[in-house]
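All remarks here apply to the structure that follows.
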Amino acid sequence: MLNSLTPLFALIVGIFLYQSRPARNQYVGIIVGLIGALGLVSEGRTDFLQNTNIYALFIVVATLGYGIQANEVRFKLSGLNGVDITALAIMFAGPPAGIILFSTDLQHAYQSPAFWPSLAAVLTLATFGSVISLFIFNNLIKRTSALFATSVTYIIPIFAILWGIADGETITLFAIVNIVIVLVGVWMVNRKKAVVKS
């Protein structure tokens, strides 16, 4: 649910730091998508925020970072292609990750029978969950807008529901209605209308 704050932060950061002027339908689309995502996560309950963990604020800060990153790519890195932007991002993450890796008990982990399957899982996740997805995301920003690219985070709860259905869970009418609301919000954000800068 908190990941759904990304488009809202992209909108706010774009307006205040980059003088972006989204069209009215984009403002409305962001709010509509957020309402749909909240509906999907809350499942109609009004008390779903009462059990919120204080560490969830880290996710809020991360979504603010995503909003800043989307605008940076759109407005300051537009001359670079998606591969270059992705390589820069991974390059800056490499040294801190290496320090953490080599400060652990790697020799002990290497001797474990679960080492190779675990390493394969980490490499698969890094390749598809970070490198390729970051490349696609950066290209999406360059081809559309920071707002549209971040509004795809509204679709994450839909995929969570689809995985639930695949696992044998039932889908409610309330969930179906909220899926439609999310899709309408994403459509509104991307609808072509007099956008000065987005």
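Residue 1 is the first one shown; counting continues down the chain.
Each Cβ is built from the backbone N, Cα and C atoms, and glycine gets one as well.
Nobody curates TrEMBL annotations by hand; they come from automatic prediction.
Pulled from TrEMBL, these are the features on record:
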| type | residues | note |
| --- | --- | --- |
| DOMAIN | 55-190 | domain 'EamA' |
| TRANSMEM | 49-68 | transmembrane segment |
| TRANSMEM | 80-102 | transmembrane segment |
| TRANSMEM | 114-137 | transmembrane segment |
| TRANSMEM | 144-165 | transmembrane segment |
| TRANSMEM | 171-189 | transmembrane segment |
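Panel annotation: around the transmembrane segment (80-102), residues 73, 130-131, 134-136, 138-139, 142 of the same chain, lying at least six beyond its termini, place a Cβ under 8 Å from a Cβ of the stretch.
Helix, strand and coil residue tallies for the domain 'EamA' (55-190), in that order: 114 helix, 0 strand, 22 coil [DSSP].
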